[in-house]
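Take a look at the structure below.
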Amino acid sequence: RMGLSEGFWHHEYWLPPGATWEDMKESADVYYPQPQDLLLCIPGALLLIIVRCVFERTIALPLGRRLGVNDKLRPKVQPNATLEGFYVLLGRTPKEGDLISLVKQSDLPVRKVETWFRHRRAQDRPRLMKKFCETSWRFTFYFTSFFSGLALLYDKPWFWDHTVCWLRFPQQPLLPALGWYYLLELSFYCSLVATLPFDMKRKDFKEQIIHHIATITLIFVSYCANLIRFGMIVMLVHDASDYILELAKMLHYMKWKRVCEAVFIVFAVVFIISRLVFFPLILVSSDLFSLSLSHSTYYYFVTKFQLFLITCLINTFLMILQLLHIFWSYLIIHMIFGVILHGAKRKDARSDTEESDRSEAEDLANN
């Protein structure tokens, strides 16, 4: 009887028809991805969290102060056990019925109760310096990750030609540098999940959770199935715009409005091209500017490659990511036309309900 572990790793689930794990036996000169390698993401994530803490304290914080990032003074909240108890246990924004009850219990006018809750919410919002430090860390990682990945792939023939990308799959030896890159990316996203309770929370928090889960699953599955080449291209396309966004946010916190808007428009162009054009096609033809569907890795992966269980799973999560890309693209375009181009000034609807930022785009939109 097949054991649970043996059943989970059965070659029919992970490898294309006709291939078995025996085809991927290692030798002194040839190394293939091993699932146990990914266990290193646990100490890797812990190490990145430590590095992040050190970075934010010793680099980002002094840098922010030097660049003029200052936290606004917030009004102090007078201690009130009744209002504090409601705030902590029942909600940050009392409804009309609750407000009347609190007025009677606290023996305060309605306006003072409303003011107390408004100031109490402001007290809990993340400070500008905290936002700057978190953003600086993500900018540093995404910038390093993208250009490191580009340096690793630019001279690989399979980066430009899909026929080479899938040649002799899954018997494609793993280059050590690509293995470490994969492990770094997985460790980073695991660290993001681990620090979510302590980081700035946005109103697209659920979408972020879905994105992180989908990303971690895709990295894990593609590594185990030796879809390294395909996975590297997908990760590089995703990293292309992230560091530009983080730079725009840093400029936003520094109050460099015009420069911030210019950088954000650059981000929007790169994001939409990379996520809504290159991501579905995953262009790797010999002609970088050829958008012929027949030359795309994704087209080849879906239509020419013989599907098996893992490829179906990967396609599902790729579609989830694409839906998120469309959602965020809408927010980005709405922000550009509504705020930057038209100079529209609108009240920050999050002022009373803000957990932090609705999205990266709205974080820039509301000064």
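For all residues, glycine too, the Cβ spot is worked out from N, Cα and C.
Copied from TrEMBL, the annotated features are:
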{"type": "DNA_BIND", "residues": "85-128", "note": "DNA-binding region"}
{"type": "DOMAIN", "residues": "83-127", "note": "domain 'Homeobox'"}
{"type": "DOMAIN", "residues": "130-341", "note": "domain 'TLC'"}
{"type": "TRANSMEM", "residues": "37-55", "note": "transmembrane segment"}
{"type": "TRANSMEM", "residues": "135-154", "note": "transmembrane segment"}
{"type": "TRANSMEM", "residues": "174-198", "note": "transmembrane segment"}
{"type": "TRANSMEM", "residues": "210-237", "note": "transmembrane segment"}
{"type": "TRANSMEM", "residues": "262-285", "note": "transmembrane segment"}
{"type": "TRANSMEM", "residues": "297-320", "note": "transmembrane segment"}
{"type": "TRANSMEM", "residues": "326-344", "note": "transmembrane segment"}
Contact set, same chain, for the transmembrane segment (174-198): CB under 8 Å, 6 or more residues outside the stretch
31-33, 37-38, 40-42, 44-49, 52, 141, 145, 148-149, 152, 208-209, 212, 215-216, 219-220, 223, 226, 228, 231-232, 235
So if I exclude everything within five residues of the ends of the transmembrane segment (210-237), which remaining residues of that chain have a CB under 8 angstroms from its CBs? That is, six or more out.
14-15, 24, 32-33, 35, 37-38, 146, 149-150, 152-153, 156, 158-159, 165-166, 169-170, 172, 174, 178-179, 181-182, 185-186, 189-190, 192-193, 196, 274-275, 278-279, 282, 284, 297, 301, 310, 313-314, 317-318, 320-321, 324
Helix, strand and coil residues within the DNA-binding region (85-128) as assigned by DSSP
32 helix, 0 strand, 12 coil
Here the mean pLDDT of the domain 'TLC' (130-341) is 81
